[in-house]
Amino acid sequence: MAVAVVFGASGISGWGITKALLDAKTQNAFSKIIALTNRSLSLAESGLPDDDRLQLHSGIDLQANVDDVIAKLRERIPSIGNVTHVFYTAFSTSHTDNQLMMKASNTKMLRTMVEAMETVAPSLSFIAVQTGSNHYGILFAEVLGERFGPVPLKEDLPRLPSPLRDSLMFYAMADEMDELSRGKSWKWCDIRPDMIVGYLPRPNSHSIAESIGYYLAFHAYLTPGEEVPFPGSEAAWNAKFSLTGQGVLGNFNVHLACKNSIENGEAFNIANKPFTTWASLWPLLAGYWGLKGTAPVGHHGIPDAASWVLDNMDRVKGWEEKYSMKPGRLFKIPWRYFHWALNMPFDRYLDLTRCEQTGFQQHEEHKESFETAWKCMQEAKLLPIVDKSSTPP
């Protein structure tokens, strides 16, 4: 029976894949799921179910040399030699904004993982590598102008022109996998989600569900039942986009792993369907917290959510105590990412034809993805369970 290993299991993608692998529908597909993290993480802290098939291990640093990684895998994980399927979601992005440095670091980590797993797991047959929609240059869309797209963004779009293409780590990672897989008995695929909406046990620099959840939940505490204007720009308010629910992403990874018909190196977009706009979505998200979501207040939206939090710093402790929340999380929110995500003024939704042609038919509304993530955060005491009829504090 198949044995899976997930690299980056404490991240938003890896956590979702691990949970999907543990789901009852896949119980007969994988006899063991090995979830790997760099930093120490207990099962209780992880929020993953207590399942005999799950092995949670930490301290596997892919920035070390490959011989050290091989030695640690063999020393700490006796069952690593039985692995047949790898799900790779480990990224190093938080230490720098330099795209060239990120490309070099992440490409090296990927090569180290592949060379290590080839050595320790002779039955290796499949590697799913997560990249993302920035393969299409979303980061540079405003620079590209009319050269961006066209939308919907399809997997076979040509790469960006130089010098922009030279800084994108996803191109380098795909080229690395093509080289490493040449002539091998295993296949790999390139999975490209858009911005991922989901839960994760630790603060993350790219968690849009957490930042929007805290923004709205704290608003609901300060001004319950009132209007909350969209904090992004007017241009972003009507731009069409698609986000990717964590559960959809996890289930699609498992779906591909259980198929034998994909081509080596094939790329797949995966996202919620249909696409949406903040004009449609923001009122629904605000409504979850008993608020009335409205259009942005000005051309450029609210300038700085972090400053707004600091301006209300004296109210945070009372908010956390009222709802028995874990303290201090609000001050760790990546507001820069929140600001960027809510101010993209261009259409950028993904084409999902290819993923549907594999037989994958799970669709999820964007509102549902946020609510699923928020309920997990509420259970973990990260967000409050709000009485929407409450009076102002």
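Every residue gets a Cβ built from N, Cα and C, even glycine.
These come from Swiss-Prot:
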- LEU54, ALA286: NADP(+) binding site (BINDING)
- SER233: active site, proton donor (ACT_SITE)
- LYS259: active site, lowers pKa of active site Tyr (ACT_SITE)
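When each of the recorded positions LEU54, SER233, LYS259, ALA286 is scored by how many other Cβ atoms sit within 10 Å of its Cβ, LYS259 comes out lowest. Recorded residues ALA286 (NADP(+) binding site) and the residue listed as 'active site, proton donor' have their alpha carbons 17 Å apart, per Cα-Cα distance. Between the C-alpha atoms of the residue listed as 'active site, lowers pKa of active site Tyr' and LEU54 (NADP(+) binding site), the distance comes to 22 Å. The residue listed as 'active site, proton donor' sits 44 Å from LEU54 (NADP(+) binding site), taking the Cα positions as reference.
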